[in-house]
Structures are given as C-alpha cells and as structure tokens.
Amino acid sequence: MSGTDTSSTTDLSATYDYIVVGGGTSGLVVASRLTEDKDVRVLVLEAGANRLEDPKISIQGLAAATFFDPDYDWCIATEPQAMIYPSKAGFDTWERLGNPGWGWESMESYFRKFHTFTKPQAKLKDEFMLDYLKGDHGTNGPIQVSYGSEQSFPPFTQAWPRAWSTLCKPIDGDPIAGISIGAFNNAATLHPKTRERSHAGNAYFSDKVSQQPNLRVITEALVEKIILTPQAGGSNKLRAAGVTFVGKEGQRREVRATREVILATGAVKTPQLLELSGIGNKEILEKHGIDCLLDNPKVGENFQDHGFVPFSWEVADPITSGDQVRNPSVVEAVMAAYQEARIGPLSVNALASAFFPLQDENLQPISVSQFLMDIGQAEAEPRVLREQICCPGDCSAQFTLAPFQLNPFPGDDPRQVFGLGTEGSYSSIVAVLSHPFSRGSVHIQSVNPRSPPILDPRAMSHPLDLELHARHVLLLEKIRDTSPLRELFKEGGRRLHNGGQRVETLDQAKEAVKNGYTPHYHACGTAAMKPRESGGVVDSNLKVYGVDGLRIVDASVFPLIPRGNIQSSVYAVAEKAADLIKTV
C-alpha cells in the first residue's frame, strides 16, 4: 500500500457488510480474515495515521521513541513487541467463568495460526539457552516471530537464564505450551530476513491484502458514535446499523453496516465509544446528557493491568548498556550497524523473562492457598482467580530483564521511567504481578469523542496485590547477586531504586512497591466476556448483550488478564473472533 492515501474518503460506499472500528492489532486481523470471502465487503476506520513506512514503527529498537507521543497513540503506551505467551491455566479460567469454547484446548490452535516461527541459529540456541519445541509453534501465520543474530544481544541476555538456573531452576518447557516455568530469552515479532518489526499493519494488511477490492481502510477517521436503531418486530433489542465518523478533512460522515459493526479500539477507547453511543451505566450517561439506550453498569468496569516494579543497578566497566544511546556517536554507530547489516541493538528486542510461582526468602515454593488463609484474605477473593494462581502450572509473577535504566515512577509523567535521566550505565530487572486482584474503570468525562476518558486503574487498591508483589520484589536483589549476572554489575555500584539502598526485608519490599509501581499498559477487561448476570458486556460469541450486529474483538473482552505481555492473546482472540463471525 506504499504511496496510497489511506486517509481519503473519496468513493466511500454508503454501506458495507462489516464495519471494523480500529485498524490495530485485533481490527486488521479480523478484517483480513473476513475479506478472504470475496463476496464480503469490509470497511476499517482507524483514527490514527498510516505509519507503515515510519522507522519508529518498523525498527524494533525504536519502539520506546513512540511512548506517550500523541502523534502515535492516545498516550496509552505499548511495550516493545516481545512475544510472550499466556498460561494454560489462565485460559481454562476464562472458560470456567462461563465462556464455553475459550479454554486452552480450544484456543491453543489460534496461538499457532497467527504466526510463523523461525528457529534460532544453533550457536545462538546453545549460548542463550533458547528452549523451544518446533511442533508448538506456527508455520504459516502472517506474523513473523524470530530471534536476532548473536551479535545483537547484550551480555546480560546470555547470563540471564544461567543465573536463574543457579538460583532456582532451569526453564522446563517451551513458553508457548502454556505450562512453562523458568527463565528464557524472548523471541520477538521480528522478520528473520529484514529484521523489521512484524505487526498487524504489515502482516495482515500486506500489499496483496490492501489491493483487495472488497477491503477499504480509511486512516485518520475518528468514529464518534455507533448508530443504534430499534430492532424490527417489536423486540426490546437494539441493532447496530452503522457508525458516524469524522475524516481527515473534518467532514462528518455516516456509513451503514448490513451485517455487523465490530469494535477493535482497545480496552480504553471501546468503553468510551459504547458510552458515547448510549450503552453503559445509566447514571454516568445521564450525567453527560446522553440518552441511555441500553443500561449496563459493567461497561468500563473490570479494568485490569499488569504493573511492574523496576530495580536498576550500575553495570561493571567496561560493559555498556542501552543507556549509551544518550551519546550521539553511539546512536550513529548503532543506526549504521542496523542499516548496513541488520545487526546491533536496533535489530532485536533484547528483553528476557522468567515466570515463577510464589517463593519464600529461602526460595522454597509457598502454598498460595495457605498464604491467602494466613493473611486473612482467602474468603474475600474471586474463587476462580484464587484457584488459578494456586495452579501448579501457572505462576504468580513475571520477571523481566531490561538492559537499560528504569527510574521508578516519579509522578504524573511516566515518560521519566524510560527517560535515561541518570548519568552512567545501568541495567534493570523488574517484577511483574501476573494476576492482580485490583480492578479499575474507564468512563467518559465528556461527550466530546476527542476528550480522553477517565482512566482510574485503582492499582494496588486490593491489599493482596501489595502482599504478593512485595514477596516477588524480594527476589530482585537475589537474582542480581547470582552468577553470572553478578559479574556484570559494578561491585558497590549505585542503585536507582529504594533511595539507593538494598531491599532485604518484606517491609522494605512493600515500600519499594508503593514507591516504584509503574503501569505496564497491558490494559484489558473493560467489556468483559462473561454471562450477563455475572457482570458481562459480551457473550462467548463476543456479541454485545442487548444489541444485534455489534461485536467486540479487542482486549476489552478479556475477563481476566493473561500472564505476560498480552499481544499474543490479542492476536489469538482476534483469529478466533474472525472464525466466530464467519460461522454466523
């Protein structure tokens, strides 16, 4: 689609079979799959600009340059695209919440369908302890998943799995299998030949797909409202008849859908669009002068996110870290390495991960069920979530190695976390709570669709999250002190966390969580897939309760947040959504 003006509304039809609102990860997956039927006409309306040729999007190592930049997003940032898979227990829990067909057995094939995996070179596999099972990975999906070359990884990446093997245990399986525990180096959504980022835009909306006459994508088109009409025949149900949107030229347009309107605008914008259209909590809608067409108080509730607590230590001489990009000559050198040979830090996602269950100070597994009883919280929690984090095949925490400094969240501007504001070279390890108990909300603050909604994550509002997160944070100093990681950090070097002091006690860890907690921007859950009587907004076919012809296919439908980065789950859910729509 190079050279095509996707923002133009010239020759826009008055009707399409399907209108997909949102041209991101889930929206383009669904649109691409639906247009495999040449008799189906699909319109995609995307509020953002077409950035398929933008190096900040295509170059893996420049991902952080887009964080909190309103030219690229709604200032709800995304992480660099590591490919991390959820747990089997997590999706089995989705099914037990009343969603038949959403357990691991049903979803596993969709995690293979969306991607093609390129195995690492033998030397890279051995040196970096890359564990994978070929049969578990995709072979012909649009998204490319691979590792970089050995010249592209920092020394921390090689030391990471070995240190965890010494401290606790080695990885016990391929992470895609859904039951792995241990440390591993992340594969990335990275094309193995071009070393460019593989994403929904260039994979599902390739040049070939973009030329299909039954697919129209319009960028810089802000959808303001879903057109809802009374269902024919005297039913109390509504029908989604189309949408109104404002294009780049500023003209308000209306377009109709003969089959369905499909929302793929994410966990923050989807509840906003529902409320602006008259679907949501009646009290909130009437407060803003919006006629409540469908009262569902759960719209915008159940917001979930992973949060991380970063610890950063000064690295030993002469080792360098990603902090060196402050030096213009270093930037010039790494850009040259990428442009000339597709190697170096810009060609990879140099993050590494580890999944582990709750452990005590002696690194012995703790019975989570007993732990919940001991601190007096067992009876107050959702049963299925308690059972999930108690499952032997699941983990209560993710640890991530980031070979650059992370400054604990200092206030209202999260850009400072990634700002490299401290002189010197640092490397970081973060502790992430895999299954938080806290729940937040997203609701409109204005009838203006360009006004951001009020996002209240209520992070750490549930006392269990502090108790669990603090116990995982206690492991951070231990893993830093374990060989061969230990040798990469400066003896007696500076710390950026906890006022420069070690964290050794549970009380210190709790303070570190309170002071350093940072949102991970894995937002989900605000239009949850559950039975309506249990707080659901969509059913197990992703149809919005009370409205015919309206479906949601993004992360807002997640009833519970999966472990790890949610990108792989969004792709898998979108692939399944396309199949559900096709079977109507």
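Here the Cβ of each residue, glycine as well, is placed from N, Cα and C on the backbone.
TrEMBL: automatically predicted annotations, no manual curation.
The Cβ of T25 (FAD binding site) lies under 8 Å from the Cβ of H199, A200, D554, Q567, V570, Y571, A574, each of these being in the same chain and 6 or more residues away along the sequence. Marked as FAD binding site by TrEMBL: T25, S26, V223.
For the domain 'Glucose-methanol-choline oxidoreductase N-terminal' (266-280), the model gives a mean pLDDT of 98. TrEMBL lists 266-280 with the feature domain 'Glucose-methanol-choline oxidoreductase N-terminal'.
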> Fewest neighbouring Cβ atoms within 10 Å: which of the binding-site residues S26, V223?
Replying inline: V223
>> Between all pairs in T25, S26, V223 (listed as FAD binders), what's the biggest Cα distance, rounded to the nearest Å?
In response: 17
>> Going by DSSP assignments with H, G and I as helix and E and B as strand, what are the residue counts for the domain 'Glucose-methanol-choline oxidoreductase N-terminal' (266-280)?
In response: 11 helix, 2 strand, 2 coil
>> Please report the three-state DSSP label of T25 (FAD binding site).
In response: helix
